[in-house]
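J.: Take a look at the following structure, please.
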Protein chains: 2
Amino acid sequence: MISRPTTEAGPTTEAGTTAEARTLASELPEHVGRTVVLRGWLHRSRVLKAVTFLVLRDRSGLAQVVVHDACVPELEGLAEESVIEVSGTVTANPKAPGGVEVTSPQVTVVSAPTAAPLFDLFRPTVPASLPTVLDHAAVTLRHPRLRAPHAISAASVAGFRAALDGLGFTEIHTPKVVASATESGANVFTLDWFGRPAYLAQSPQFFKQTMVGVFERVYETGPVFRAEPHDTARHLAQYTSLDAELGFITDHREVMAVLGQVLAGMVAAVRERAGEACALLELELPSVPEEIPEIHFEAAQELLAAHTDEDPRGEPDLAPAHERWLSAWALREYGSEFLFVTGYPTAKRPFYTHPEPGRPQFANSFDLLFRGLELVTGGQRLHRYEDYLAALAARGESPEPYAGYLDAFRHGMPPHGGFALGLERWTARLTGADNVRLATLFPRDLHRLTP
Amino acid sequence: MISRPTTEAGPTTEAGTTAEARTLASELPEHVGRTVVLRGWLHRSRVLKAVTFLVLRDRSGLAQVVVHDACVPELEGLAEESVIEVSGTVTANPKAPGGVEVTSPQVTVVSAPTAAPLFDLFRPTVPASLPTVLDHAAVTLRHPRLRAPHAISAASVAGFRAALDGLGFTEIHTPKVVASATESGANVFTLDWFGRPAYLAQSPQFFKQTMVGVFERVYETGPVFRAEPHDTARHLAQYTSLDAELGFITDHREVMAVLGQVLAGMVAAVRERAGEACALLELELPSVPEEIPEIHFEAAQELLAAHTDEDPRGEPDLAPAHERWLSAWALREYGSEFLFVTGYPTAKRPFYTHPEPGRPQFANSFDLLFRGLELVTGGQRLHRYEDYLAALAARGESPEPYAGYLDAFRHGMPPHGGFALGLERWTARLTGADNVRLATLFPRDLHRLTP
């Protein structure tokens, strides 16, 4: 019934991992009446008097294995998280999860754990604190509920790329180490580059704009780095930025329209590619309206002044509490979980921001709020060389550190714009996680540099 | 005929960028007889006595625009790389490139350059040195021949992901900053992480292995960093690593089989998605044999000793010249541009390498040579905790810095393995570039940190 692994000192090829075709747990219903080989982890073992139930976990889900022998002492000692191979007969049983189970099994232990998990991975909830979960990611992420957000994250990125591929975008890969700490000055990590100081890139902004001159429409899905000393549930020092930039636009509204299509593509991909994870977390996926509602920054401030205890008029930005209020308002007014806030004050936006025609104190920019949180920032950029020189001069900055970037604008650039979406924030909001760290495999922040 | 842009000081919305449906150059043959709007760059302007030929370049290719008026002085002054909009009639002309041209055009200048390119972007060859090309990437990459490798690179990555998605892999995003310079010790960039020393990740190796415990099959396409002081045509300090790792394998041969499928998927994607770029560069794409030929390291050394002037037997690695010879040999013997060399000496491989059963001095590892160059490294890894402790002890290393990684192996891990493919090397080999920097948008190396 049970074969133990050989206990030779040296590593060898594994018994039981021959090339026999493997069946995944999710495929069992297609194989009723047949003998199959399953491989995975012993998710749970329940030894009763007359019967032992094993639950095997593989990448596709769970499978119930029933051992009817009255007494199998080896099974009692078989630790959860053992890597096992099960050969047995697929038997229909309406009472079993998924309507099938494996009976008359031969169980082989491929690899036995040397320690028990910090908590039972088979229980529906996670009885550990966030730091414990993160400190032991190698094992805690095996818990189906902790794993699910990452399946949803992967599906989201696939949807992002597929939507943009369909719109004629080209994927790019840009440097993550740069010579000057230009884009926002502070909050930048410094490193030693062959004896010279260098900096981790805070965004691919300059590169993606430059590449509009080459490919017109580009995207990148990669890490960005912010040395932000904030210790909050929504800040990470490394996060995955989903960036897009496109040329030949009229203004920021064309960027917003593309973003709407991208969001719809991401939700569709999550539905198609991560359906199991969504079901496990009992998620209600958002519907992306054909036209995402939009409110101008000024109007948003008026609304907040009229309907809340605060008067934010004159402030250059929205506070998190304001974003939550506006999000709730959009849901009430428009039934939309997404809201564009446009026309942020130019002074608070980066120098490359394109002003609103006729009202240069406001920018052709937008933030996208999703379920109360700022998820995306974007807008139209300047595209004329003279405008860049003027914008830098107005901020008292020299154009010199930007030479490689400004080069693009000396050689003819179309009106263009783009956006950046924080993957972890998206996944956290989508899965109802109260901390972006639950949407990050191995978070990096002010305190956390391992595992 | 020609409208100049308004010369207001402040930026405004552009004349001529209304929402009129735009036609791409490549779509012109479908529109013969109709009036279309093209947008792009003035790639070339040839003013003859009775006729002026404009070539417009957009993301899809080139379009010929014919101005029949006897004298249009504005056109003579119109700088190449101007961003223009052309409205005109699509007219069949068997002598025109692509069989169509645009006649009776209205040309609007959207954005004029303030400087001329360093060299003519419309000439078939690039008359500039590599440093010049790289220093001025913002404009030089617009040259169709310099742009083409990057279109091929994007298609390759799409093919990589599609092949692995089809095989049940999950995409992951892992930290690029790590607490200890573990994997290969030297050649690591140091940075200041909120006052603590930290290091740029040299590979996602530890993370992807750990994630086999969660997803069984994972991949990542992201930047890795090597502080290698080599100043060669094939080394970069940042490159894009296409990483995959899979569990429940018998040995490294299953990894090699997956890699074969991935390579076939990459070539197919390049053919489908970057056909224009391939045609422009007159590429012959490699065919990936159903079974890529394979030679053991020992046999490779025997072969080199027998057929070349050198005797590499006893050496722990193959020199670049040996790789070239073996590659040429595989092409002669098997008609294959790909060759696996398996069984490298364990001593030269990282501690997590799985030894060959019965011959522990050799590893269950492989390199893939492609057109003379090492393109991929991979193999089977250890999966038992005790084996890791023994391997580290044998190298005189403490397990302590590896705690978060080793955690995975204490909790049951299946036999697994994976590979890493250098994207820029692949693209360079595929496109015949003699330097990986021509396959990198903005290379980073010993000397280069800008643009």
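The backbone N, Cα and C atoms fix where each Cβ goes, glycine too.
TrEMBL annotations: computationally assigned, not manually curated.
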J.: Starting from the ATP binding annotation in TrEMBL that includes B:ARG226, B:ALA227, B:GLU228, B:ARG234, B:HIS235, B:LEU236, B:GLY422, B:LEU423, B:GLU424, B:ARG425, which of B:GLU171, B:GLU284, B:GLU290, B:GLU374 is the extra site residue?
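T.: Record check against TrEMBL: ATP site with B:ARG226, B:ALA227, B:GLU228, B:ARG234, B:HIS235, B:LEU236, B:GLY422, B:LEU423, B:GLU424, B:ARG425, extra candidate from B:GLU171, B:GLU284, B:GLU290, B:GLU374 is B:GLU374.
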J.: According to TrEMBL, which stretch among B:205-208, B:241-244, B:369-372, B:433-436 corresponds to the feature region 'Aspartate'?
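T.: Result: B:205-208 is the stretch TrEMBL calls region 'Aspartate'.
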J.: Which numbers of helix, strand and coil residues does DSSP report for the region 'Aspartate' (B:205-208)?
T.: 4 helix, 0 strand, 0 coil
J.: Tell me, roughly as an integer, the mean pLDDT over the region 'Aspartate' (B:205-208).
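T.: So the average pLDDT across the region 'Aspartate' (B:205-208) works out to 98.
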J.: Out of the recorded positions listed (B:PRO97, B:ARG226, B:THR377), which are within 10 Å of B:HIS235 (ATP binding site), Cα to Cα?
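T.: Neighbours among recorded positions, in sequence order: B:ARG226.
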J.: Let me know the DSSP-derived helix, strand or coil state of B:GLU228 (ATP binding site), please.
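T.: Note: B:GLU228 (ATP binding site) is coil by DSSP, not helix or strand.
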J.: Please give the ATP site's span as the largest CA-CA distance among B:ARG226, B:ALA227, B:GLU228, B:ARG234, B:HIS235, B:LEU236, B:GLU374, B:GLY422, B:LEU423, B:GLU424, B:ARG425, to the nearest whole angstrom.
T.: 19
J.: Select from B:ARG226, B:GLU228, B:HIS235, B:THR377, B:ARG381 the binding-site residues whose C-beta atom falls under 8 Å of at least one C-beta in chain A, and return them in sequence order or as 'none'.
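T.: It is none; no candidate comes close enough.
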J.: What is the one among the binding-site residues B:ARG226, B:HIS235, B:ARG381, B:ARG425 whose Cβ has the most other Cβ atoms less than or equal to 10 Å away?
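T.: Comparing the binding-site residues B:ARG226, B:HIS235, B:ARG381, B:ARG425, the most crowded Cβ belongs to B:ARG381.
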J.: Nearest to B:GLU374 (ATP binding site) in three-dimensional space, by Cα, is which of the recorded positions B:PRO97, B:ARG226, B:ARG381?
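T.: Going through B:PRO97, B:ARG226, B:ARG381 one by one, the closest to B:GLU374 (ATP binding site) is B:ARG226.
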J.: Which is it, of B:PRO97, B:GLU228, B:GLU374, B:THR377, B:LEU423: the one of these recorded positions whose Cβ has the most other Cβ atoms within 10 Å?
T.: B:LEU423
